[in-house]
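Visitor: Below are the structure tokens for one structure; questions will follow.
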Amino acid sequence: MDTDSSKKKKESLNHKSETSGDPTERSQSEKVKPRYTVYGMRWVICIFFTTSIVASGLGMVGMSAITPIISKIYDVSGLETSMLVLPFIVLFIPCIFPANYLIENYGISIPVYWASVTLLIGAWIRLLVNVNFYIVIGGQVIMALGQPFMLSAPAKLSALWFAEKEMAISTTLGSLAAPIGAVTGFLLPLPLIGDSDAPSDEVSVEHGKSVFFRYILVQNIVITVLGLPIIFFIRNQPPTPPSASAAKALRKKPVNQCKSIGQLFKNIDFITLLISFSMIYSIYTTLGAAVGQLSENFGYPTSANSLFGTSYIFGGLFGSFAHAILLDKYQKYKLQYCFIGITCIISLGAIAGTINLGIQALTIALLFFLGFAQLPIIGVAYSFCSQLTYPVNEALSCGMLQLFGSIFATILTFVVGLLLDKGLRYPAVFLMIGFVVVGTFFQFFVREILRRKRAGLKSSSFSFNIGNHGQLQDTKESPQVISEPLSHPTTYTPLMEDDH
């Protein structure tokens with residue numbers, strides 16, 4: 001009996017020691033939590049990355065507002081002047097695949113170098129315009145060959161350099177850079193070239209060519225100032241990851257791109273997002289390419305094109321930042337996504353009903369509202385796509401959005417251009433409205449499955465507090481954003497789910 005009881009006591013003690021373990025070791029293991037660092041350099045890279053996309057957007061749209069003048073100076077058709085924009089739409093389709101392959105397998109540096117070099121070479125080649133007009137189109141083609149490599153990177157840059165709470169803002173900055181470039185492209189011609197420079201009885205063709213050459217020179221200087229700095233600052237990734245999802249992405253081995261594409265097209269929510277985004281996004285590209293033809297068909301002067309385009313883009317900027325702030329705060333992806341489609345239908349309908357009145361101020365105001373309603377789809381859709389398709393590479397998933405958006409935009413731009421050439425202005429407008437209606441219909445079928453958010457929350461609830469001398473203090477309070485000099489990274493320790 002005594003022997004049996006002593007054996008039981010011994011087993012009980014052994015069991016207790018196994019389950020409880022060494023208190024010191026247990027306390028040490030409990031204290032070990034993942035630590036993530038965000039570096040001040042992320043904003044430098046983000047800013048210059050954004051300015052380079054602005055430069056590309058300027059190169060793409062910088063001649064849209066003055067296509068009627070260009071047609072008269074060089075005696076070319078409306079279809080030929082549309083070729084100043086169309087290469088950026090058409091070449092996106094074949095270039096997106098090598099762009100995504102490079103980003104996924106070699107990081108963002110090589111694609112950004114390529115995009116910057118082609119941008120600068122293509123821009124300066126256009127100075128030979130007075131040798132032959134088609135050299136300008138050749139320069140646009142060279143610039144267009146690099147643009148997909150830049151436009152595919154915003155989501156990847158955000159995912160690898162920014163904390164989860166900053167991703168919507170940083171992605172929005174990158175995705176809005178092209179529209180900001182478009183604003184610059186619409187405004188830049190105003191002081192440099194106008195209707196008075198078009199050939200007439202009083203104005204020679206040589207004068208028109210001289211003025212257009214000067215405009216290209218000024219545009220190239222702006223493009224160089226905006227597009228060159230990123231070459232010196234771009235980095236693939238920070239020394240340490242800024243979030244749990246970034247850490248996982250950095251550990252993940254490169255996967256076959258075809259396999260990733262297969263994963264995307266097995267995701268029904270991605271497909272519905274893709275269709276809805278492509279239908280609504282195509283309006284932005286079509287307006288950029290056809291604004292000159294459209295306003296001319298409704299009797300507006302060439303100078304109005306710059307005001308129309310600028311008003312539309314400025315509205316988009318305000319709307320996009322509003323959506324980004326709301327998205328960061330509430331993370332209601334589907335609600336905001338559907339709201340965009342509904343307001344697009346309302347604004348386009350209002351424009352269709354009033355554009356024939358010829359009231360320039362009213363059209364400008366309605367285009368501002370259209371931009372406010374429609375352009376936020378870029379940032380919201382990118383962020384939503386990254387959530388729906390995680391852990392598929394962000395560059396690939398968002399690149400596919402851009403790819404199909406470009407395909408739809410190419411079709412719509414070409415058809416709208418043909419209709420406007422034949423004077424069928426209302427069919428052109430109603431075709432654009434039809435695209436938005438169909439896109440909005442598909443928006444309601446996208447389910448809000450936030451896979452990236454779930455992956456981040458499995459390891460953390462991103463709360464941090466920086467104490468004296470940068471020492472970390474554990475806290476369960478809401479995250480506090482700390483402004484640090486560029487040389488000092490901000491480090492934070494996420495709380496584990498068990499801590500709540």
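Glycine too: its Cβ is placed from the backbone N, Cα and C atoms.
TrEMBL labels come from automatic prediction, so no person has curated them.
Here the structure is a predicted model, which means the values were calculated and not measured.
From TrEMBL, here are the annotated features:
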COMPBIAS  470-481  compositional bias 'Polar residues'
REGION    1-29  region 'Disordered'
REGION    470-500  region 'Disordered'
TRANSMEM  43-70  transmembrane segment
TRANSMEM  82-103  transmembrane segment
TRANSMEM  110-127  transmembrane segment
TRANSMEM  133-155  transmembrane segment
TRANSMEM  167-192  transmembrane segment
TRANSMEM  212-234  transmembrane segment
TRANSMEM  270-294  transmembrane segment
TRANSMEM  306-325  transmembrane segment
TRANSMEM  337-355  transmembrane segment
TRANSMEM  361-384  transmembrane segment
TRANSMEM  396-420  transmembrane segment
TRANSMEM  426-446  transmembrane segment
Visitor: For the transmembrane segment (212-234), give me same-chain residues lying six or more residues beyond its boundaries with a C-beta closer than 8 angstroms to one of its C-beta atoms, as numbers and ranges.
Guide: 44-45, 48-49, 51-52, 54-56, 58-59, 62, 66, 69-70, 73, 108-109, 112-113, 116-117, 119-120, 123-124, 126-127, 129-130, 136, 184, 188-189, 192-193, 197
Visitor: Other than its close neighbours in sequence, what residues sit by the transmembrane segment (133-155), given a CB gap under 8 Å and a spacing of at least six beyond its ends?
Guide: 49, 52-53, 56, 59-60, 74, 76, 80, 83-85, 87-88, 90-92, 95-96, 98-100, 102-103, 108, 111-112, 114-119, 121-126, 170-171, 173-175, 177-178, 216, 382, 385-386, 394-395, 397-399, 402
Visitor: Quick test of the contact rule: Cβ under 8 Å, at least six residues beyond the ends. What residues does that give for the transmembrane segment (306-325)?
Guide: 61, 64-65, 168-169, 172, 175-176, 179-180, 182-183, 185-187, 189-190, 284, 287-288, 291, 295, 300, 336, 340, 360, 363-365, 367-376, 378-380
Visitor: Would the transmembrane segment (426-446) count as touching the transmembrane segment (110-127), if touching means at least three Cβ pairs under 8 Å and pairs must be 6 or more apart in sequence?
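Guide: No, the transmembrane segment (426-446) does not contact the transmembrane segment (110-127).
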Visitor: Is the transmembrane segment (110-127) close to the transmembrane segment (270-294), in the sense of at least 3 CB pairs under 8 angstroms with a sequence gap of 6 or more?
Guide: no
